[in-house]
Amino acid sequence: MEFSSRERQKHCRLAGDRREQYPHSLQFYLEPPTESISLVEFESFAVDRLKLLKVVENLGVSYVRGTDAYKSKLESELRKLKFPYRALAEDDYEARRKDHISHFILRLAYCQSEDLRRWFLQQELDLFRYRFNELTGGLMQKFLEHANLSFEAIGEDLKNELANELSASTPGFSLSKVKEQMFYKVGLADAVDLFRARRVYIKDGFAYVPFKEIDVIVLNNYRTKLSKALALTARSLPSIQSDERLQPLLNHLSHSYVGPDYSVQKNTGKISLDQIDALSVKSFPLCMRQLHRALRDSHHLRHGGRMQYGLFLKGIGLTLEQALEFWKKEFIRGKVDADKFDKGYAYSIRHNYGKEGKRTDYTPYSCMKIIMSNPPSQGDYHGCPFRHSDPELLKQKLQSYKIPPSGITQVLELVKGMHYQLACQKYFELTHDVDDIGFSLSHPNQYFTESQKLLSGGRELKKEFNNSGNFQQKNNSQESINSSSTPTSSNAKADMELEGLEAYFTED
């Protein structure tokens, strides 16, 4: 009995310490964690948070923030990845710990460039906004106190005295609503955004902010703190980069792909070389369609293009023998003879398939790797067209594929906001004539697989198949693949092969 009593006392002390460490489920991440964790846990926490931020990015463009659909999907992801989703729950210490540690790990990974810092800041702000707005009024007040943002709530007498001014200066507030709502007296410097938008009443250097607008003040405060913290973290990078254990992990995370592995495909050998031209129009993402067209036109690709496109083709099912035949046939149409190809190019193709050198079986490039590394130079065709193309050239390319003007505008808006993967998702929707693809795109081979599933009837379509069983692809006639140097694949035999291939991709 004495033993069990001591154990209970120890457990109570531990529970108390834990509550003191994370008194609230929400925080500004001001103090870095000091405990030791394993490299396995380090990577696991970071990958889970990265998955969460990718969902936040996707939902922020696909849904209106604050809607029921947005909140439902985001809560589901928080719950699934075991991050705090119910404020001040008694048993969520581990979730709060994971939230705290994972934020700082990704802060290290994403402070390394301006683009990375901007992306991380935006997703963390959106995540914070959702979590803050999910708090009840009482919990919001507790959090404000916890974060030293104890704004003064004005009394009923002062509110009644200023009722007319508050109603006139606060959009959507009638006199009756002013009496129902709590207002805070906030220094003008903290309410600049609301002041610029003419959404608050100003008097004697103070803004009178309704409770429903207080999240703007809190978010501005958090944005300032996190932005400064990212800049300070970037200055500390040299000391971190000297750690041979951490630096490879951090570099990997900032270019990380967290989806399925496309290095080994069940469909190896299921695709014939005659199908590739038609597939490039129907089911290739824009980056691979661009590479394929460049290869057919010039009969050559530089190293970056050969790596990106070659590994993609490997991922969709080309065998080593098919890959050697495909590249050799195309290159000898140009300035490379068979002997030069065998001596200068065949080795690298075998190397990609793990048959030369270190025998590494190389993985097809993810969207993140294509976007973040090895940008194309003059004469190159690799990279991400949404990231690396001039907007006007991208517009012309989309017009040549008969993308409607409204769709092009949507794509270019996403590109302007640096949502390159979401721009590719929009391209998928426009070329397949669907309203919502129903998945978060993160890999060119995922694009191909999902396209094949959809074209074979695995997804609900807006358009019906025609009588011959082929999907009515609106772009098919726009990209000529019948040049004298390119074998055509628009004959009946190739169409029958494509139908069989599309059916294959719906199998488990």
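Quick reminder: no glycine exception, Cβ is built from N, Cα and C everywhere.
Feature annotation from TrEMBL assigns domain 'DNA primase large subunit C-terminal' to 278-448.
The annotation [4Fe-4S] cluster binding site is assigned in TrEMBL to CYS287, CYS367, CYS384, CYS424. Every protein chain considered, the tally of other Cβ atoms within 10 Å of the Cβ of CYS384 ([4Fe-4S] cluster binding site) stands at 27.
According to TrEMBL, the feature region 'Disordered' maps to 464-508.
Under the heading compositional bias 'Low complexity', TrEMBL lists 475-491.
Per TrEMBL, the feature compositional bias 'Acidic residues' maps to 497-508.
Considering other CB atoms within 10 Å as the measure, the emptiest surroundings among the binding-site residues CYS367, CYS424 are those of CYS367. Listed in sequence order, the residues PRO285, LEU286, ILE370, ILE371, PRO385, PHE386, ARG387, TYR420, GLN421, PRO444 complete the 8 Å Cβ shell around the [4Fe-4S] cluster site centroid, once CYS287, CYS367, CYS384, CYS424 themselves are left out. Across the residues of the domain 'DNA primase large subunit C-terminal' (278-448), the predicted structure has a mean pLDDT of 92.
The number of other CB atoms found within 10 A of the CB of CYS287 ([4Fe-4S] cluster binding site), across every protein chain shown, is 27.
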